[in-house]
Amino acid sequence: MSLTLAIVGRPNVGKSTLFNRLVGKRLALVDDQPGVTRDLREGQARLGDLRFTVIDTAGLETATDDSLQGRMRRLTERAVDMADICLFMIDARAGVTPNDEIFADILRRRSAHVILAANKAEGAAADAGVIEAYGLGLGEPIRLSAEHGEGLNELYAVLMPLADEMEQQAEEQAPETDVDLDPEDEDGEEVAAPHAITREKPLQVAVVGRPNAGKSTLINRILGEDRLLTGPEAGITRDAISLQIDWNDTPMRIFDTAGMRKKAKVQEKLEKLSVSDGLRAVKFAEVVVVLLDAAIPFEQQDLRIADLAEREGRAVVIAVNKWDVEENKQDKLRELKESFERLLPQLRGAPLVTVSAKTGRGLERLHDAILRAHEVWNRRIPTAALNRWLIGMLEQHPPPAPQGKRIKLRYMTQAKTRPPGFVVMCSHPDKMPESYSRYLVNGLRADFDMPGTPIRLTLRGQGDKNPYKGRRKKNAGALAKHLKSRG
């Protein structure tokens with residue numbers, strides 16, 4: 001469950017006590033003095049069979065300046081913006097205060113889902129405060145006692161339908177990946193991918209990169225309008241924003257994510273949460289655009305982001321931004337390509353495009369590179385063609401014979417797309433050196449025109465379950481007939 005719940009409210013209403021009860025650990029400092037929680041704390045909550053992320057926020061303050069209270073308020077507002085659900089707590093014994101009314105109005109405007117909870121509601125002394133809470137216009141309040149664990153069943157009953165709704169939305173947005181193929185579907189020709197891009201199923205693209213690489217500026221340029229906040233301060237986009245657009249008549253859903261910093265430099269808890277939100281955006285994408293700053297490309301964090309996308313099995317496009325201010329473009333481009341080949345060999349051949357988000361130069365190339373990467377990611381190769389290719393690869397470079405035992409590669413087929421996944425039936429799969437697997441993968445890339453996309457190669461022994469058993473007789477003999485015709 002990827003649900004995120006932010007607990008918000010005035011200082012000292014019991015937010016950290018509830019946080020500790022949901023998380024099951026004393027991660028948040030609890031004190032009777034207002035303002036003890038000065039940053040955001042995140043934990044994995046358990047409530048019945050619900051599992052979700054819970055954020056304990058600093059107490060909402062009315063200050064809007066650069067004082068500590070002002071910074072706490074802004075931090076809390078950002079948490080409200082990125083959370084799926086806000087649990088707004090008041091102190092039932094104190095009743096509704098003017099500040100509660102101010103913050104209820106803020107939440108009505110900033111959050112799609114607000115749950116009102118009247119905490120410290122044990123005993124008759126809290127009855128008047130619970131009744132007052134109705135006047136906030138946020139629906140019926142839940143009576144809670146975070147200290148004694150009362151009212152959690154009622155909280156569960158309110159959360160459960162919202163969690164189900166959000167899980168369904170997440171499933172609808174999640175791309176199909178690791179799609180199993182039916183070997184009976186082929187007819188000897190290269191099979192077109194059935195995953196057409198439509199307005200109902202737009203191409204899902206995540207734009208990721210270090211802070212201030214120009215992600216929001218790039219998307220604003222694609223949109224043709226200022227939809228996202230941009231500025232020179234690193235990390236100005238703190239949450240992942242999803243926008244559905246038609247880019248050159250291609251329906252897309254683009255995720256602009258928080259810049260991903262090195263962990264040691266991520267000091268604000270909110271920014272740490274935003275990094276994990278960016279990582280989630282990678283999982284929801286089909287194509288990941290890794291945006292680099294031309295002045296400082298391929299830093300360690302860039303490499304980690306690209307490697308994460310490859311490990312998640314997503315198509316990758318490298319875009320180098322701020323190309324308009326680069327003076328020696330030819331030398332710089334050669335340098336970039338050499339660095340790419342050396343530092344990211346697992347993405348050999350992936351598109352590398354230079355762009356200027358500021359001027360719009362290079363956006364056509366970026367659009368075409370995204371479509372090309374998506375097409376390769378969906379590629380399917382017929383079994384007969386694969387086995388013709390395998391024979392040639394074996395003749396050119398036979399597999400090794402560890403301890404005198406020759407490894408025999410008998411048969412190959414494609415088992416998955418999105419990304420392409422291939423299975424080789426062979427003897428002694430556990431003895432196959434990694435270098436020979438790389439030889440086969442690199443050959444697949446070169447000979448079947450699959451640059452850059454992740455390729456999964458699985459070796460199976462004869463004792464493993466044969467996924468092709470039971471194929472129709474005419475298909476089972478297709479390879480034999482083909483080989484006979486070659487003789």
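The backbone N, Cα and C atoms fix where each Cβ goes, glycine too.
Here is what Swiss-Prot records for this protein:
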- 3-167: domain 'EngA-type G 1' (DOMAIN)
- 9-16, 56-60, 119-122: GTP 1 binding site (BINDING)
- 167-191: region 'Disordered' (REGION)
- 167-190: compositional bias 'Acidic residues' (COMPBIAS)
- 203-378: domain 'EngA-type G 2' (DOMAIN)
- 209-216, 256-260, 321-324: GTP 2 binding site (BINDING)
- 379-465: domain 'KH-like' (DOMAIN)
- 458-487: region 'Disordered' (REGION)
- 468-487: compositional bias 'Basic residues' (COMPBIAS)
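The DSSP breakdown of the domain 'KH-like' (379-465), given as helix, strand and coil counts, is 34 helix, 21 strand, 32 coil. Nearest Cα neighbour of G209 (GTP 2 binding site) among the listed binding-site residues (G9, N12, K15, T57): T57. For K15 (GTP 1 binding site), the Cβ neighbour count at a 10 Å cut-off comes to 31, with all displayed protein chains included. Once Cβ contacts within 10 Å are tallied over all protein chains shown, the binding-site residues T57, N212 are led by T57. Taking the C-alpha positions, the distance from K15 (GTP 1 binding site) to N212 (GTP 2 binding site) comes to 34 Å. In this structure the alpha carbons, written CA, of K215 (GTP 2 binding site) and T57 (GTP 1 binding site) are 28 Å apart. Secondary structure at A121 (GTP 1 binding site), as computed by DSSP, is coil.
Each residue contributes its Cα atom, and for N212 (GTP 2 binding site) and T57 (GTP 1 binding site) those atoms are 26 Å apart. Residue environment of K215 (GTP 2 binding site) contains 30 other Cβ atoms, counted within 10 Å of its Cβ in all protein chains. In the three-state DSSP scheme, K15 (GTP 1 binding site) is classed as helix.
Of all Cβ atoms in the shown protein chains, 18 besides its own fall within 10 Å of the Cβ of N12 (GTP 1 binding site). W323 (GTP 2 binding site) falls within a helical segment according to DSSP.
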